[in-house]
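Report on the structure given below.
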Amino acid sequence: MTDDTRLRATVPTITELSDKGAIVLVLAHFGRPKGVPSPDLSLAQIVKPYEAVLGRPVRYIDWEGDAANVAMLQPGDIAVLENTRFFGGEEKNDAAVIDRFAALGDLYVNDAFSAAHRAHASTEGLARKLPAFAGRAMEAELVALEKALGEPEHPVAAVVGGAKVSTKLAVLKHLVTKVDHLIIGGGMANTFLAARGVDVGKSLCEHDLTDTAEEILDAADRANCTVHLPYDVVVAKEFKANPPTRTVNVHEVAADEMILDVGPAAVESLGDVLKNCRTLVWNGPLGAFETAPFDKATVALAKTAAALTIGGTLVSVAGGGDTVAALNHANVADDFTFVSTAGGAFLEWMEGRELPGVAALLQ
Ligand code: ADP
Ligand code: MG
């Protein structure tokens with residue numbers, strides 16, 4: 001096991017239920033076995049690390065004789081059931097699998113926001129079969145997300161960065177209708193700059209999407225959403241650690257250069273935007289932050305957001321795999337109001353989509 005974040009996230013819910021005398025059966029998946037059991041994807045291997053994070057004993061129950069083994073558990077016991085995806089019907093939300101899971105318990109608690117964008121037997125189906133509740137981690141996630149895009153305090157700013165526009169088109173289209181300021185950074189900004197007639201040289205840029213970028217800019221105009229694109233950028237001829245760089249106006253990028261970070265002047269003015277905002281939603285780094293020195297803009301804006309959050313003027317919510325890594329790199333993840341470790345579910349939420357696992361709980 002490489003990272004116990006997801007295990008730790010469930011501790012409050014599991015211990016609370018166990019302390020109240022429930023028999024706690026943990027349903028979870030690992031990897032993509034697609035209905036074919038395999039020892040390397042068995043949840044037997046998480047029992048020891050789970051005991052370590054919970055600080056109490058954890059049993060393991062496989063899918064042979066599960067009902068009989070569950071019947072022997074005592075109030076307060078915690079047991080991990082085998083990988084739910086060892087059933088092909090799990091990902092198909094199959095009725096027989098839902099019944100199999102439902103027969104083992106009386107109540108269903110969903111504590112996995114990160115899996116809520118999928119209508120699977122253990123996420124959506126079971127919630128419709130048994131009395132269903134949100135666990136503490138799910139609850140915290142939903143409260144934070146509601147504060148950020150549901151009923152946020154305005155002005156609201158969104159930072160959207162990362163590599164490609166194509167992966168986040170739906171996010172951008174939804175955000176322009178929701179936020180007052182849309183800050184576009186990362187490789188994505190290059191496509192928008194190109195749409196505005198800027199020559200971005202060798203930068204990562206989806207030239208076939210410049211029309212789409214223009215449509216998004218028009219939609220933002222109509223919705224009174226101010227779009228912020230970088231006006232100075234850090235460029236290099238080679239993408240490697242610590243190459244020679246130049247900080248230039250976007251109109252001065254040479255044909256053999258690539259934009260790898262937002263420039264310091266733009267970052268400073270983006271900080272001023274955040275100072276006037278009450279809410280921030282952030283997905284995607286502003287530059288190629290894994291490679292020095294192209295982490296500077298992301299780190300600087302993250303530190304500004306963290307300071308405003310600590311100061312009490314900003315509610316800051318961030319999510320996305322690389323975004324979490326970038327905030328950890330900037331050492332500010334703990335200072336944000338909420339950092340979501342859910343990748344796909346967080347992005348679908350940013351697209352304004354209903355998450356089936358959450359919808360089933362609300363019903
Ligand atoms: P998240 O996982 O948070 O949703 P993405 O996967 O969309 O974020 O994007 C992260 C990636 O974008 C990082 O690997 C980063 O290096 C890359 N990136 C950011 N800015 C640039 C840029 N100007 N050129 C190339 N890659 C970039
Ligand atoms: Mg990513």
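Here the Cβ of each residue, glycine as well, is placed from N, Cα and C on the backbone.
According to TrEMBL, the protein carries these features:
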- Arg6, His29, Phe30, Gly31, Arg32, Arg85, Arg118: substrate binding site (BINDING)
- Lys168, Glu290, Gly320, Gly321, Asp322, Thr323: ATP binding site (BINDING)
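Feature map: TrEMBL annotations on the structure.
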{"residue": "His29", "record": "substrate binding site", "contacts (Cβ under 8 Å, 6+ apart)": "Asn83, Thr84, Arg85, Glu90, Ala115, Ser122"}
{"residue": "Phe30", "record": "substrate binding site", "contacts (Cβ under 8 Å, 6+ apart)": "Leu41, Ser42, Leu43, Ile46, Asn83, Arg85"}
{"residue": "Gly31", "record": "substrate binding site", "contacts (Cβ under 8 Å, 6+ apart)": "Asp40, Leu41, Asn83, Arg85"}
{"residue": "Arg32", "record": "substrate binding site", "contacts (Cβ under 8 Å, 6+ apart)": "Arg85"}
{"residue": "Arg118", "record": "substrate binding site", "contacts (Cβ under 8 Å, 6+ apart)": "Glu91, Glu124, Pro356, Gly357"}
{"residue": "Lys168", "record": "ATP binding site", "contacts (Cβ under 8 Å, 6+ apart)": "Val160, Gly162, Met188, Asn283, Gly284, Leu347"}
{"residue": "Glu290", "record": "ATP binding site", "contacts (Cβ under 8 Å, 6+ apart)": "Ala325"}
{"residue": "Gly321", "record": "ATP binding site", "contacts (Cβ under 8 Å, 6+ apart)": "Gly343"}
{"residue": "Thr323", "record": "ATP binding site", "contacts (Cβ under 8 Å, 6+ apart)": "Gly161, Gly162, Trp282, Asn283, Gly284, Pro285"}
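Cβ neighbours of Gly320 (ATP binding site) (same chain, under 8 Å, six or more residues apart in sequence): Gly162, Asn283, Gly284, Ser340, Gly343, Phe346, Leu347. Asp322 (ATP binding site) falls within a helix when secondary structure is assigned with DSSP.
By the rule that a residue counts when its Cβ sits under 6 Å from some atom of ligand 2, the binding-site residues Gly31, Gly321, Asp322 yield Gly321, Asp322. For the binding site of substrate, formed by Arg6, His29, Phe30, Gly31, Arg32, Arg85, Arg118 according to the record, the largest Cα to Cα distance is 17 Å, rounded to a whole number. Rounded to a whole number, the distance between the Cα atoms of Arg6 (substrate binding site) and Asp322 (ATP binding site) is 16 Å. Excluding Arg6, His29, Phe30, Gly31, Arg32, Arg85, Arg118, which define the substrate site, the same chain contributes Ala28, Pro33, Leu41, Asn83, Thr84, Ala115 within 8 Å (Cβ to the Cβ centroid), listed in sequence order.
Within the same chain, the residues at least 6 positions away from Arg6 (substrate binding site) whose Cβ sits under 8 Å from its Cβ are Ser114, Thr341, listed in sequence order.
Just so you know, the Cβ of Asp322 (ATP binding site) picks up 19 other Cβ atoms within 10 Å once every protein chain is counted. Largest CA to CA distance in the ATP binding set (Lys168, Glu290, Gly320, Gly321, Asp322, Thr323): 20 Å, whole number. Arg85 (substrate binding site) falls within a helix when secondary structure is assigned with DSSP. Secondary structure at Arg6 (substrate binding site), as computed by DSSP, is helix. Only Gly320, Asp322, in sequence order, out of the binding-site residues Arg32, Arg85, Gly320, Asp322 have a CB under 6 Å from ligand 1.
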